[in-house]
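Before any comments, here is the structure.
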Amino acid sequence: MFGAISFGSLSDRFGRRIMLLVSYVSGMLFAVASTFSTTYVMFAVLRFFTGFCITGIVIVSVALSVEWVDIEHRKLVGLIDGLSWSFGNIVFAAIAYFVTDWRWLILSVTSPLILSIITWRWMPDSARWLIASGKLEQAQMYLKKCAKMNRREDFIHTLKEETLSSIVVRETKGRTYTYLDLIRTPKMRKLALQTGVLWFCVATTFYGIAFNITGLGINMYLTQFTFGLIEVPAKVSVYYLLDKIGRRNTEVGALLLVALCLGLNIVIPKDMSIVRTVVGVVGKGFSSASFGTVVLYSSELYPTVVRQNGMGYNSFMARLGVAVSPLILLLDEVWKELPQVVLCSTAVLGGLVARTLAETRNKCLPETIEDIEEIEEKKPSSEQVDIFSGKCKLGVSTI
């Protein structure tokens, strides 16, 4: 929760690339340090800071990826990001099964960060953020590299600083945006409320199902492995649905299907553990689809100047849902089926909230808060036309 708020603000202030490195290095250092813990308090404190730092990886990488691609390929980026999470869950179950010592388990699941730090040197910063922040020279450098990589050298001569400076027009270039900018204007305030509630509902149901592994009555490692495996077809299906029926309908449909699966497990007898597990796994698949969709969907809804603040706030609300999930599961002491009822209701609420959001399919990414306030279902104006092909504001979208 606190890592999401911190890294969301810092990456909008100092840039995506540098904060990604900070998250990599600090997360790995705290994780390794936790393996030398001699007391539970020491372990808990170090794991707190590990989670604090690693959260930055999630929210920064999503925004950085989305800001480097065009409309057509945003869903592909979302799919790759989601599948990497799923494969990690699958591998994690196998690692946890074979590595039973907690110290070695932490080291094993932390080791991939070494590769991340090595590959970071080839990671470009967001050209969108650089332009919005008035860092035109750096943006020009990355865009030229992008043009060469994609064999679009014929466009390099158009990448002049004067042209780039006209892409984002605002009174004070280089202005620092904060979380207060999410609530200063009416439509931004409404958007923040909607996405915050949605992320809370999505995370609560997702982790409510995930934390209830042993409650399904099947081997914990096998269930975790299956939970990871079911996410693959679910997210691949989302890839095709995002353009067929849109982001909003995909999110609403996924959450309502999660609610259906949770509702079914209320009426299925406890002694039918296999059936309950199958329904739970299918529900986990729909829940993963809703999570994968909401990440991409939200990154498209927020403007570049506050995208990381928005994602940080949303991630904060999601982590609040994660914190509440195990408490919901404890409600079985009141009534055995109460946790399922609460999670089912939460999924339905999330679906209803998602229905109120604007559709972002085939829409340009908003760059400024003014774009959100003036959006009103209008087509891009002449000033918003792509400097290369007329698709979106930013040249990188076509390169």
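Placement of Cβ uses the backbone N, Cα and C atoms for every residue, glycine included.
Taken from TrEMBL, the feature domain 'Major facilitator superfamily (MFS) profile' covers 1-362.
Taken from TrEMBL, the feature transmembrane segment covers 21-43 (among others).
Annotation source TrEMBL lists transmembrane segment at 49-69 (among others).
Taken from TrEMBL, the feature transmembrane segment covers 76-98 (among others).
The transmembrane segment feature in TrEMBL is assigned to 104-123 (among others).
Residues or ranges marked as transmembrane segment by TrEMBL: 191-209 (among others). Same-chain residues lying 6 or more positions outside the transmembrane segment (191-209) and placing a CB less than 8 Å from one of its CB atoms are 182-183, 227, 251, 255, 258-259, 262, 280, 283-284, 287-288, 290-291, 294, 298, 301-302, 310, 313-315, 317-322, 324-325, 328-329, 339, 343, 346-347, 349-350, 353-354, 356-357, 372.
What TrEMBL records for 249-268 (among others) is transmembrane segment.
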Which listed range (21-43, 76-98, 249-268) shows the maximal number of Cβ pairs under 8 Å with respect to the transmembrane segment (104-123)? 21-43
So what pLDDT does the domain 'Major facilitator superfamily (MFS) profile' (1-362) average out to? 89
